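> This is the structure I want to talk about, given as structure tokens.
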Amino acid sequence: MIHSQMEDSQYEIRHQVLNPNQRQQLEDRRRIKEQLHQLEQDNESPTHMYRRKLKISTDVDLLDKHDSFYHTTKSLLVLFQIMGVMPIMRSPKGVDMPRTTFTWCSKAFLWAYFIYACETVVVLVVARERINKFISTSDKRFDEVIYNIIFMSIMVPHFLLPVASWRNGSEVAKFKNMWTDFQYKYLIVTGKPIVFPKLYPITWALCIVSWSLSLVIILSQYYLQPDFQFSHTFAYYHIIAMLNGFCSLWFVNCTAFGTASKAFAKELTDVLATERPAAKLTEYRHLWVDLSHMMQQLGKAYSNMYGIYCLVIFFTTIIATYGSLSEIIEHGATYKEVGLFVIVFYCMSLLFIICNEAHHASKRVGLNFQERLLNVNLTAVDKATQKEVEMFLVAIDKNPPTMNLDGYANINRGLITSNISFMATYLVVLMQFKLTLLRQSAKNAFISSLKSNLSRIRTLDVDKLSTQR
């Protein structure tokens, strides 16, 4: 104690008489001496605190037992298998292999081939009838072309399903396995399992709502659109249910990220309150990086499907909005416009849910952890903990938990505003085109009426001249 006080007093005296460069050297030497003293107390090499373990030995039975995410969201996975949307399979219990697998010759995939072939036959028949009806009709106005394009565009996701969804099956299986491994690592590091208490009823409800909403939307079009035949509805039920299912899948994953990050943040707060938590913080930092990579993998695994998803929503919303406004301007409001507005509201609701949930998930996993770490009083903790907090913040900065569609676009609230701005731009152009068509039709009608009036006047003049003679 007395020795340290004497050293501090000597340090202060020397600090006053030395120049800035000498003072900096003295400060560096003092800091190095403190770090060496800290390492002597730790009695270990410094590399053990910052180097990650290459592999954690896993127990297959524990993986299955504590895979709460799979058990609570199993209903949605089974629904996707029945619909042939994502034919991934769960490995049998006790088998030492990845818990979720994807192969092109599995039983789930054979069923997907069959159900997709049946659905394709129905979709092609309806598409052919719509195209033939449009070709045979005498009304070839631009508005009628737009109206037929709306319901043809809704069929696009069905034909792109093998390319957009099946081709990324291995990435989806990887994402599912990342969830399984993360829950096991969380159990090993914290000693507590992750529990999703609300996810089980939410998933079941979303499975039912996906098909119920599909029936409501398609049947509403049957009753509101004058030329929408009942037989055509069978080509759209599974497509709308698939779009609803992918929206439900996104909502479930974002909700799970929020629940996991909330439990993780609580454990982090408890660890920071302990004495000398540097070693534990290292494990928590590695665990957080896994969580961030898992969020990035979600966007990569479903990049093609959600990319086409957003494009179809964007295109269909523009066309449906233009069609409804055009009909209102030209003929007034009818049930047909109500049906088009239902499509617009449905598409924008899907886009809002996806972007809003991604925003909240990124905020819970990234910003909330940054705030907790920035609130740590670094002067009250040891040097190793200070270093680990700094490295944790750097890890968050270098591994942002963003939902990215494999580099094509970031899914967040900014995507909503950018889509709305683009939609407004294209709608202005289309409405200008519509007004030009109306002016041309009015001009042609005026010229034709003027010609008819002139011909009548000439006829009357001729009749008068003939009677006078």
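From the backbone N, Cα and C atoms, a Cβ is placed for every residue, glycine too.
Note that TrEMBL annotation is computational and uncurated.
Pulled from TrEMBL, these are the listed features:
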type	residues	note
TRANSMEM	108-126	transmembrane segment
TRANSMEM	146-166	transmembrane segment
TRANSMEM	202-223	transmembrane segment
TRANSMEM	235-252	transmembrane segment
TRANSMEM	306-326	transmembrane segment
TRANSMEM	338-355	transmembrane segment
> Any chance you could find the range in 108-126, 146-166, 306-326, 338-355 with the most Cβ pairs under 8 Å to the transmembrane segment (235-252)?
146-166
> Grab the same-chain neighbours of the transmembrane segment (306-326) for me: Cβ-Cβ under 8 Å, and only residues 6 or more beyond its ends, written as numbers and ranges.
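That would be 143, 146-147, 149-150, 153-154, 156-157, 160, 164, 243, 246, 250, 299, 337, 340-341, 343-344, 347-348, 350-351, 354, 405, 408-409, 411, 415, 419, 422-423, 426-427, 430-431, 434.
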> What residues in the same chain, six or more past the boundaries of the transmembrane segment (202-223), come closer than 8 Å to it by Cβ-Cβ distance?
72-76, 79, 229-230, 232-233, 236-238, 240-241, 244-245, 248, 251-252, 255, 335, 339, 342-343, 346
